[in-house]
């Protein structure tokens, strides 16, 4: 008997987390080696580009992102997105053994919370309902409820960029991460639309000729570029141990809201299943925050 679409999505999401979590460790070891033999990346050096470990980390991260992209084709975002927290567990565990960044006792509690929450989400996740064409996806994207979400999101982004960033961007972490998270939610639904179009095309129902396919691709590119710009600003301005959990919480929450509105992930589910998914999600978020807060700070070089 073949695997269900949800199970395929879970397997790909877990594999993605393993690849991405490992990539951070490989790149960090490559950066350390590069810094030991030349100028550190943090002060403008590029010797890490000569380190095979750094490139291994980049390749591993690309593999993880590809697996995550395909996971969105098979499973709803309400299932795939929270499983991204597993990459934090992989990274923390590998850092404990390979980088001597010790996990505290409360950090272990955080890891367990992430795993328990992920299991609850997987058990109660809704089944994916794959649209039959990109035109069906366009119908979902132009429904009044999602258009209201898009207008509210873009209005909030413009307000943050034009008003709040000049005044509070350097002092309030929510400004940069708010922009990243809001745009990130639109990124995920656009990427999911593109992924479904690719899957349908490979199945013999070409979606390339439809202008909606290229519209979703354009939106995804613009959103990704905006995310990268403001995430780099956040990382350059604030402590990474603060940026990571706050960004994860905001991005995951908004992504699930956007997906539930556009793709109607919760339609057909009873209140008990939805409540269980929300509880699992909160458990994952709590575990993520605990793990980040209790990780040892790396001393400055």
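Please read every residue number as a count from 1 along the shown chain.
Cβ atoms here come from the backbone N, Cα and C positions, even for glycine.
Any TrEMBL annotation is an automated prediction that lacks curation.
Feature annotations, reproduced from TrEMBL:
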type: TRANSMEM; residues: 6-26; note: transmembrane segment
type: TRANSMEM; residues: 46-67; note: transmembrane segment
type: TRANSMEM; residues: 73-99; note: transmembrane segment
type: TRANSMEM; residues: 106-125; note: transmembrane segment
type: TRANSMEM; residues: 145-162; note: transmembrane segment
type: TRANSMEM; residues: 174-198; note: transmembrane segment
type: TRANSMEM; residues: 210-230; note: transmembrane segment
type: TRANSMEM; residues: 242-262; note: transmembrane segment
type: TRANSMEM; residues: 274-293; note: transmembrane segment
Dominant neighbour of the transmembrane segment (73-99) in 106-125, 145-162, 274-293, by Cβ pairs under 8 Å: 106-125
Contact ranking winner - 6-26, 106-125, 242-262 against the transmembrane segment (274-293), Cβ under 8 Å: 106-125
Proximity verdict for the transmembrane segment (174-198) and the transmembrane segment (242-262), three or more C-beta pairs under 8 Å: yes
CB contact flag for the transmembrane segment (145-162) and the transmembrane segment (242-262), at least three pairs under 8 A: yes
Other parts of the chain folded back onto the transmembrane segment (210-230), taken as Cβ under 8 Å at six or more residues beyond its ends: 133-135, 137-138, 141, 157, 176-177, 179-180, 183-184, 186-187, 190-191, 193-194, 197
Contact set, same chain, for the transmembrane segment (242-262): CB under 8 Å, 6 or more residues outside the stretch: 76-78, 81-82, 84-85, 88, 140-141, 143, 145-146, 149, 153, 173-174, 177-178, 180-182, 184-186, 188-189, 192, 231, 234-235, 281, 285, 288-289, 292-293
